[in-house]
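Per Swiss-Prot, the features are:
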| type | residues | note |
| --- | --- | --- |
| ACT_SITE | HIS9 | active site, tele-phosphohistidine intermediate |
| ACT_SITE | GLU87 | active site, proton donor/acceptor |
| BINDING | 8-15, 21-22, ARG60, 87-90, LYS98, 114-115, 183-184 | substrate binding site |
| SITE | HIS182 | site 'Transition state stabilizer' |
Amino acid sequence: MRTLVLIRHGESVWNRENRFTGWTDVGLTDKGAAEALRAGRTLKNEGFAFDEAFTSVLKRAIKTLWIVLEEMDQMWIPEHRHWRLNERHYGALQGLNKAETAERHGMEQVHVWRRSYDIPPPPLAAGDPRNPARDPRYAELDPADIPLTESLKDTVARFLPYWHETIAPRILAGRRLLIAAHGNSLRALVKYLDGIGDDAIAGLNIPTGIPLVYELEDDLHPIRSYYLGDPDEVARATQSVADQVKR
């Protein structure tokens, strides 16, 4: 049996402000840092240990990983950062308040943008200062790989090559891995691992800062998955993600 642990970053400043974040590089709140600390403590107390860790190039995920590993006394393990683990790009919605956007465009339209599989939000204009092509961390990427918006389908297509080429071979080699990433990049991976249908994926919400453990067969098919946390607390945190457009 192989074990993989996923964790969505702790609450970010824009999570607290209920804004669409995407590739915008915002930090953790004090609550988010505390969530990461608690996750690290829980993992350590439950006997988990890791050989390598993976994260995005966005600081809310990087800092979550650091806090978790520090609490586990494992900051020395190899850490791999890659843009393919970034959050889904929310296009022209980035920075907008979710509830206010729902008031302007309607709950149904915002739900489609947030949770449909293959419909992206309106794109950024190429000259928009939020265009990731202006960010030095993406300077060496093929311009065709830099999104101006993404659907979840696009995020799956971005994430899976890195999974197949880099992450999965390490799991098959017996490495114990931790992935600290984002709500939608993790939804993309969970969709793939669990074989969730394109329509059903709309109902999947991943809470911040709670470890999600996968026990995998030798061929990496899931045996089971579960959150490390109080079930009632996990349910409340998950529902809170679903209710963001109502706040």
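Backbone N, Cα and C atoms are what each Cβ position is placed from, and that goes for glycine too.
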TRP14 (substrate binding site) falls, by DSSP collapsed to helix, strand or coil, into helix
Row TRP14 (substrate binding site), column other C-beta within 10 angstroms, all chains, value 20
In chain order, residues whose C-beta lies under 8 angstroms from the C-beta of ARG8 (substrate binding site), counting only those at least six residues away in the same chain, are ALA180, ALA181, HIS182, GLY183, LEU186, ILE206, PRO207, THR208, GLY209, ILE210
Cα of ARG88 (substrate binding site) to Cα of HIS9 (active site, tele-phosphohistidine intermediate), in Å and rounded, measures 14
The number of other Cβ atoms within 10 Å of the Cβ of LYS98 (substrate binding site), counted over all protein chains shown, is 21
Whole-Å Cα distance, GLU11 (substrate binding site) to the residue listed as 'active site, proton donor/acceptor', is 14
Note: among recorded positions GLU11, GLU87, least Cβ-dense neighbourhood at 10 Å is GLU11
CB contacts under 8 angstroms to the residue listed as 'active site, tele-phosphohistidine intermediate', restricted to the same chain and 6+ apart in sequence, sorted by sequence, are LEU28, GLY32, ALA36, ARG60, ALA61, LYS63, THR64, ALA180, ALA181, HIS182, THR208, GLY209
Densest Cβ environment (other Cβ within 10 Å) across the binding-site residues GLY22, GLY183 belongs to GLY22
Binding-site residues TRP14, GLY22, LYS98 vs the residue listed as 'active site, proton donor/acceptor', shortest C-alpha separation belongs to GLY22
